[in-house]
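Chemist: This structure is in structure tokens; I'll ask about it shortly.
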């Protein structure tokens, strides 16, 4: 027969395991998604971390796990780089880092990062554990005195030997913490396993669905073996209920020794079974009041000691062993054996288990009726014996035993000797009690004395009741006693019939049955809304407020009036979700806001964990503007759709607030509507509205680019960039169209340097480069050459803004002395221009230099500086510094490339040799202009300082002179384009080596200079 198994669906108890295992020193932890495409966002934040840092859970969720909002001036940059490297490699990492709380106070933290794997071995989460070690004597943050010296040491300790000394001291302290076993974690490799030798390290749990089951020594209460054992104990209990009254009443009737009794062996065997049952009960699981299956040995033992242990212990006392060892016993010991009848209370406990089967219930009731008749037969026999002993045996012979002996012709001699046998007397007594219980009897065995008549009256009264229960209205009594269970079985039968008629698949059938059973275990089939429907609204609102007090105590409803809360409580319903079930799916219409009362859920998108929700979390979507509510605004078809899946990890109790009911209440209380719409995005743990990733989700990770106001000059300077380094373009060649330019291939000129991705370098929170174009007030001034020639419009040439316009000569802007120059739109290396007028693909780089602001400058009206804005400003400053470093490195590479190009020019000059003109040359070159710079490459108009020799190289057009070039000609005309700079202007790139000249090669000249549009890149 089936047993109530309890809540046995597989659950993902990862969150509870982490909170239990890292309790105390490791209660401050974060969980981050290791499979995210945009960094590693935080998906769970413990309450201890919020208390440690001062940030709320909604402020931390979806931010990067590197915790940039905790950085400050004393945060070590090398330690952060090692942390980022460990994150990219999915490796364990431990470090001591100086973090800053929300109020700006600094604290030293022992950061421990561990990857979490699933059942397939894939890293799906990162676990970050934070330990405040400020009071343990960390450098630079001592509790007393010396803070200024420590800060000075911190400012100087990042360079040279001081930094190495502090690093060594921190490593030694980390080893000390490992040896004391305060911070255990799963080791990797032999050396890590030996670091903690005094205490075993707790293993990191896997993020997976836990298997149901426990130790092999535990006995599951719903297993087959437990059912067989319960059946055996049930038979033993019936045996005790039959034999104990019989032995007590008929023990002193004959002279047979007790040790020769036929039931002695069976009695001892039953006692051993009861003792063994006590031992097994200490190892048997049970179902708690909340429906959970308890498998902890300690909890099982305490529960058994508080319930049935003493009753089972008294019933299992081995009284029959006293007879084996020939210990003299009195009649009181025989009466103590009646205590074993308390085992029948366990039978009443099992009746509820087997009550779902009508046949079993009827059988048990019949057995109880027969057992009652047996007990009354034993009492009827004792009454007859006591009547014989109380009266004169020579004169008194009217008892029912005397009458039975006369009829059986075995009369009593002297009132006590002789008489019918024990067997005959028991059968006659049982016959009398059964006839009295079921009817009025037949008179062959009747009551003659007063005591016998009183007992007969009691027997008839009990018989009338038992007859009505068993034979009169068994079905009515079962329905009255088990009405709720009958309803349960009725609904279960309807559910099974529905599944059978519609032929539902087995997985769907299992889910339906599991949900029905677990829901029934929570609310016992009571529909609160149906039950409270007939109550008045005033009383029903008060009851609803009491039932939904958890969700109504949120800060979101703090500004609501009592009437508003009463109206809201009437639209709140309690729901339940089993493990593995989807509460919402992506793209579904969001019709309610959900508050998690118990259990945990996960938010998924494309099988990636976006957030883990626990008790006290609110999930839903922000409310649209007034007039756009579903069914209330101008658009009645407006529907909010979910952007992710919500799946239950454990058994979850939820309270859902209907969106339509919420809109109705907000319309009735407009004074609270504005406060609710403003506070809902702040209190939502996760926003499920589609499009919140781009518009609303940014509130979780407040990007400095989005939270801080931008300068107006920034937007007006989107087109103020430095021009490319170009060369003048001559007039069109008559009779010929534009030819494609060929890049000058320079293989193996410099060793390859690996370049990191700019996206990974700048962080995912930086806006695109097109939005970071420098303004005129923030960018260095243009060179005089550009100012004088580049900004004048030509009436005959193409307009300056067109792609075909090029300056008349090589223009290189001068470098400022305040820092690395801004990078102008530049042609990507390796992309050839087909000669069209379309703009070539380019990258735009710009930098906004930090403008000094007077310290006395007050913040704008209505704004106050906060630690959060300060941390965001520090983050922006850090990213800008890193961008400047990258730009400087790129400029150095461009400078190196320029020097190599100059070296190649020198080699070409030596290869071509002195100029010469054959007599039959058809190309008459123009004399070079002594006032013009060489068109191929030229230094800047003003030499930059020696410390800044970085130059930008974008495009170098080297057009040849107009005409047809023959072999051995135009050497004299080509020399100006490849000559070194004028002696009067020193080369900022350094002297270029020019080897000795060599005779010209016709093939080289023919392939090198074919048209005036050949270019070098």
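Glycine is treated like the rest: Cβ placed from N, Cα and C.
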Chemist: If I go by Swiss-Prot, the feature transmembrane segment sits on one of 207-227, 333-353, 396-416. Which?
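Modeler: From Swiss-Prot, the annotated transmembrane segment range turns out to be 333-353.
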Chemist: State the residue range annotated as transmembrane segment by Swiss-Prot; the candidates are 173-193, 362-382, 509-529, 530-550.
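Modeler: Transmembrane segment, as annotated by Swiss-Prot, spans 362-382.
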Chemist: If we trust Swiss-Prot, are residue 50 and residue 385 on matching sides of the membrane?
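Modeler: The record shows them split across the membrane, with topological domain names that differ.
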Chemist: Candidates are 326, 748; I want to know which one Swiss-Prot annotates as N-linked glycosylation site.
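Modeler: Record says 326.
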Chemist: Do you know which of 229-249, 460-480, 565-585 Swiss-Prot annotates as transmembrane segment?
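Modeler: Feature transmembrane segment in Swiss-Prot: residues 229-249.
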Chemist: Return the count of C-beta atoms lying within 10 angstroms of the C-beta of residue 414 (N-linked glycosylation site), excluding that atom itself.
Modeler: 8
Chemist: When the domain 'PAS' (14-90) is classified with DSSP, how many of its residues are helical, how many are strand and how many are coil?
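Modeler: Secondary-structure composition of the domain 'PAS' (14-90): 37 helix, 11 strand, 29 coil.
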Chemist: Within the same chain, where does the transmembrane segment (229-249) have neighbours whose Cβ lies under 8 angstroms from its own Cβ atoms, ignoring anything closer than 6 residues to its ends? I mean 6 or more beyond.
Modeler: 261, 263, 266-267, 270, 273-274, 277, 280, 315, 334-335, 337-338, 340-341, 343-344, 346-347, 350, 367, 371, 374-375, 378-379, 381-382, 426
Chemist: Is it possible to list how many residues within the region 'cNMP-binding domain' (556-620) are helical, extended or coil according to DSSP?
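Modeler: Computed counts for the region 'cNMP-binding domain' (556-620) are 10 helix, 31 strand, 24 coil.
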